[in-house]
Amino acid sequence: MGDSEIQYLLEKLKKLEEDYYKLRELYRRLEDEKKFIESERIRYEREVRRLRSEVERLRSPPLLVGVVSDILEDGRVVVKSSTGPKFVVNTSQYINEEELKPGARVALNQQTLAIVNVLPTSKDPMVYGFEVEEKPEVSYEDIGGLDVQIEEIREAVELPLLKPELFAEVGIEPPKGVLLYGPPGTGKTLLAKAVANQTRATFIRVVGSEFVQKYIGEGARLVREVFQLAKEKAPSIIFIDELDAIAARRTNSDTSGDREVQRTMMQLLAELDGFDPRGDVKVIGATNRIDILDPAILRPGRFDRIIEVPLPTFEGRIQIFKIHTRKMKLAEDVDFKELARITEGASGADIKAICTEAGMFAIREERAKVTMLDFTKAIEKVLKKTTPIPDLKGVMFV
């Protein structure tokens, strides 16, 4: 065999090797495409099954809503349908019998009226709006001059939720509720915000006037549903601000509005210390008119701990000034002791307004630092504005 033939065979072998590598690469690529197509086919089949089940679900007939009236000995249930009449019906074997009790809402099959599902308790949409989803950013470090009040509210609200075994060991029941009272602007709502920040419990905030409704029974129903929501989401804390709006002392008033407010308060009294136990549900009330509250709501068992939130003392005013000026750039002449001395009788809200006004005076003069003079002018402006207007009864104006 000559050299030319050997050279020809080597070139042919090399070409065959190149073709082999190309075919192998093509095979790998086709295998990858096949796997991708297979995965896509499986995904589309799942999507088709999901869409078919969705179509079947949408084609299924609607269910009737009824309320369980009674449960018979043979397992059948007396149900009052939404159309009015009562029926004796059977139940699905997949329903938990413990959930079937008088008053429960159930779904009924249109043809046989058999119970196919137990529905959750109906609540007013407003009730779900009372629940605080995002915790406030206020902590106990942001509250000045209320160390005793903070300790008392933590003992009454936080400790029973975080360490209930301490009360069981001593053999006492933890306090059920706390009432905060004091002049406006002293930090009652701020204390409740700090409690919401510190605890992992569900926090439900209600303003007392929101319980006052137009129609008879609506306010009492709202109170009942708020406490029911708190029990379902226990451990939980209910904060009722401006409690005097619904808990004022009962009088012999003949107006329908006053009578409805009194009915709402009686429902609140029953929920605070009624026949049914509250469980891990704590109540915090706040008011600045404790003198007009009904004596029934102040007795132990409803609000076990009544905490006064007074106007800040000299040391308390110094702490509050320091808290509200933490992020401010202050001149060297700012003296907190002098500021606390000349703000005798000011509330925490007044001091916050003073700090804001002092900053505004500095901005007006295009300065980055706030001086003592700015604070002095702010004190004069804010405290003059909050001074009570003199009684002008009987004075005639020309």
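For all residues, glycine too, the Cβ spot is worked out from N, Cα and C.
From a predicted model like this one, the values you see are computed outputs, not experimental measurements.
Swiss-Prot lists G185, T186, G187, K188, T189, L190, H324 with the feature ATP binding site. Summarising the annotation, Swiss-Prot assigns coiled coil to 3-60 and lists sequence analysis as the type of evidence.
Per-site Cβ counts within 10 Å over the binding-site residues K188, H324 peak at K188. Listed in sequence order, the residues of the same chain lying 6 or more apart from T186 (ATP binding site) and placing their CB within less than 8 Å of its CB are V309, P310, L311, P312, S347, G348, A349. For the ATP site listed in the record, the two most distant Cα atoms among G185, T186, G187, K188, T189, L190, H324 lie 17 Å apart. Taking all protein chains in view, 27 other C-beta atoms sit within 10 angstroms of the C-beta of G187 (ATP binding site). The number of other Cβ atoms within 10 Å of the Cβ belonging to G185 (ATP binding site), over all protein chains shown, comes to 21.
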